[in-house]
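Novice: Annotated phosphohistidine per Swiss-Prot: HIS66, HIS79, HIS154, in sequence order. If you look up Swiss-Prot, you'll see 67-158 marked as domain 'ABM'.
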Amino acid sequence: MKKLYTSYGTYGFLHQIKINNPTHQLFQFSASDTSVIFEETDGETVLKSPSIYEVIKEIGEFSEHHFYCAIFIPSTEDHAYQLEKKLISVDDNFRNFGGFKSYRLLRPAKGTTYKIYFGFADRHAYEDFKQSDAFNDHFSKDALSHYFGSSGQHSSYFERYLYPIKE
């Protein structure tokens, strides 16, 4: 099964990993307070101590030229199956939105916080998508909150924006 490995750190440190591993498809982005690098592969990763996710639904290809929103969705063992079933069965008509590039639904290897990556041409295109019924009905905090479990036992639903690095 294809996996997505993610690590956070300084731009320089992560960029050096990328330079030292030209045979691996490593994607590096800038976040608000850090840099992030990820590798999507069926094989072994070069990243040390990454967060590990199994890719359970994918559309399109990753590119370092796109804007991404990573949505972290907390769940519990009691709700994870239902959450996963709901997200797998979502009609992927969101691919028709202007600027849409890619989508990944990820199951955590450890824990119960799922992750979704939405790739768009830029943040403006993503913000337009966030105003849609497709987003509000299937991916918003309100739409997914009943899969979170009891409060205090989980991390929060949140978004992290990943920007292309302009060199």
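Each position is counted from 1, following the chain as shown.
Backbone N, Cα and C define each Cβ position, glycine as well.
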Novice: Determine the mean pLDDT over the domain 'ABM' (67-158), rounding to the nearest whole number.
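Specialist: Mean pLDDT across the domain 'ABM' (67-158) comes out at 91.
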Novice: How big is the Cα-to-Cα gap, in Å, between HIS79 (phosphohistidine) and HIS66 (phosphohistidine)?
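Specialist: Spelling it out, the Cα of HIS79 (phosphohistidine) and the Cα of HIS66 (phosphohistidine) are 32 Å apart.
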Novice: Which one is it: of the modified residues HIS66, HIS79, which Cβ has the fewest other Cβ atoms within 10 Å in this structure?
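Specialist: With the modified residues HIS66, HIS79, fewest surrounding Cβ atoms within 10 Å: HIS79.
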Novice: What does DSSP give as the helix, strand and coil breakdown of the domain 'ABM' (67-158)?
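Specialist: Tallied per class, the domain 'ABM' (67-158) gives 38 helix, 26 strand, 28 coil.
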